[in-house]
Structure formats: C-alpha cells, structure tokens
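Single-structure report; data block below.
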C-alpha cells in the first residue's frame, strides 16, 4: 500500500473512534509523509495540532496503524515547516510501504520508557476530588509493585486521566528500577498480537513477551469482551504474572461487573485487588488543569478566557485541553489577541450544540436496571424469569430506538443473544406500547431519563 492508501484507512478508523470535533480539528487534514524504521512521519499544517496529536493521540493512532499495516509503527506528527529539517533523502511522492523484517518488528517491542508519553508523569497530573483516590492508589502501586494493590483496576469515562496514570506508573517504576521490564499495551493491541502469533505460529514468543515481565499495564480491557480465545490467553497471562508477584494494572471505561461477555473467572480476578473510579473534574480542577497547561507551554492567556473554557467544557480533560489548543490555533491563524470574545468565537462549534452525549447500551441498561431493580449483569445472563426477561426486552427495544448500533451488536451487549431475539423484543414492546397507555408513559419517562444522561 502507498502512504496515501494507508493514511486513508487510518483516518477512516480514527473517525469512528474519536469525537467529531476532535477528528475535524486535529486529524482530518493530516497527511502521512513516510514510514521508515518503525516510525510514521505525519504532517500537520498547524504547530499546536502537531504537538497536541503527539501528546494525546499517538497511542490510539499507533494501535490503528498496527491494525492497518500489521506491524508496530510509532507515529510522529511534525509541521510542514519542520519537514525541511527532517533528515532523510526521501521525496514526498507516494510509494509502496513494505513491512519491516522480523528483527525490526521485534525491536519495536520495547519494554522501557519509549512506550510512555514523556508528559504523563505524576508531577504533571492535576489532582482533584474526582481523581484523588485513583492517583494515590497508582502512586502506591508504582512505589511498591505487587505489594500494594494487585491488580489495580482503574475505570472511568474517556479523557479523564486513566492513561495518564498508567504512563505515570510506568515512568515511576523505571525511575526507581531502570532494569524493570514494563509493558504498556491496550487490549486491542494484545488481541492483534495474539492473533498474529497464532497465524505465524509464534505462540511461545508471544507468551514469553507478556509473561517474562515485572509490570503489565493494559488499557481499555473492555474490548476483550466476547473474544473467547483472547480472554483465555489473558487469563493464563494474568495468573502467571500474579503468581510470580508481578504487578498488573488494568483500565476500563466501566467496572468489571458491567463488562458484558467477560468470563466469570476473569471478572473475579479483576476484583481481587483494588478497583478505583475517576469522575469528571470539578470547576477548580478544570481551572488548575488549564493553568498548569499554559505554564508548561509558557503561554499568555487572560484569566477570563480560561474561566470561560472551564465553565463551558465540563465533560473531560481531553476536551478541556483540546479547547485550549483550538483557541491557540484560532488566535494564531487569525493574528488576533486572545479575549473572552475570541474564545467564544473559537469554541462556538463545540459549545453551541454540545450535542447530547452519544447514548450507549450501557447507559440504557443502567437506567432500565435501576428502574426495574435488575442488576446490569443480569441483562447478559441466561435467566428467563419475567422479572428479568421483560426489563431486558425493554432495554433491547430502547437500544434499537435510541442508538445506531446494529442488531447483532445489540444482541452481543445482551449476553451474545441472536439478532432475531432483539427483533422479537422490539416487536413485543412496540405492541405493548400500543395497547397499554400506562406502560407507554413508563417507557417514555425512561427514554427521557436516558437522553438526559
């Protein structure tokens, strides 16, 4: 594949994974220049964007590149101005990109500091009420791996600092013991490497890589749900590490009990240690994050502009810092000083229609479960008692009405049920709604509550 073909595929996948605002602001207009020596050089026309992409999106792009090209490639975003200083004799003409040798691929399986964002340390982590406990637990684990909490399970929404804490643990462990073998990976990458090891008959090398280490940091574990072989492999990896007193840190967007299609034996192991959750930052924490950012970047931004951002962007840290980056780029491109008015103008696309949060099936299960006194895990169970089966059908109905997920995907989130079960549930609830006005009001109230999540 040429660079252009590779990057088109990367952008297509990234568009599905990132918010519309993040994608259009930072990634949409980038261009893959070359892939060389395990590094992808990607061009961005705006300096702030290149810096932001390197800090916040390098990991997700690296995982996507692995999916597209089938081997490890580390993305590096540079500006078109920096391209002149890029020391290679290549031209920008698209050419065929070839897979590196096995030696090169193995060399990219680093166990050291290269895996971690240099910025993501404990010193740069802004502590507030929503993350104080996860921060303390992470520091305890980093100070004494496998002696404090093992495993440490961190969960919370997107962009709240889970990955920052995992990188901080990695940095701190290596500061204390430079010879420690530390792996940071995502469950998606773990799955891809596992599949590749089966395909290439390299299962022993895969197991050696993941089991002969001191610390395993694995992000977004929820993505192994419904992957039976991957779960089995991770189960044995977990056991091997835990029995040998090696530290395991896991992150997810939800607690273990809410991960559908997760084997009970894995779920119980995730609950062996300490489970901590990160919640969205309050106003004071948001202001502290912005102030720390402008101090680090040596920027001059009026307090009233920061106040405007902190008041308007409340969902997560990534969007908060993204808004600041967008403002800086907007000011630079227009050649105007930053004021509250310019800030409002720069962020109007984000703030005006902040868009209702995208509804997830987990949101629906949580609210329906609370209303009918059904545990979230029961939606995925095989139980058919009416007290569980009927709320499950209501949740399936609402999942089809309020989300864009396919029938098979909805069935998967309800214990791997067939798409015909979802169709039947939708038809039954639709019929009951027409016949029972009280029930109709009940479901409408549930729908309103879900939309307001």
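Each Cβ is built from the backbone N, Cα and C atoms, and glycine gets one as well.
According to its DSSP assignment, residue 159 (ATP binding site) is coil. What Swiss-Prot lists as ATP binding site is 159, 161, 162, 163.
Marked as region 'Domain I, interacts with DnaA modulators' by Swiss-Prot on the basis of sequence analysis: 1-71.
Feature annotation from Swiss-Prot assigns region 'Domain II' to 71-114; the stated evidence is sequence analysis.
The region 'Domain III, AAA+ region' annotation in Swiss-Prot covers 115-331 and is backed by sequence analysis.
According to Swiss-Prot, the feature region 'Domain IV, binds dsDNA' maps to 332-453, an assignment based on sequence analysis.
Secondary structure of the region 'Domain IV, binds dsDNA' (332-453) per DSSP (helix as H, G, I; strand as E, B; remaining residues coil): 86 helix, 0 strand, 36 coil. DSSP assignment over the region 'Domain I, interacts with DnaA modulators' (1-71) gives 46 helix, 13 strand, 12 coil. Listed binding-site residues: 159, 161, 162, 163. The one with the lowest count of other Cβ atoms within 10 Å of its Cβ is 159.
Those residues of the chain, other than 159, 161, 162, 163, with a C-beta within 8 angstroms of the mean position of the ATP site C-beta atoms are 156, 158, 160, 164, 165, 251, 278, 316, 317, 318.
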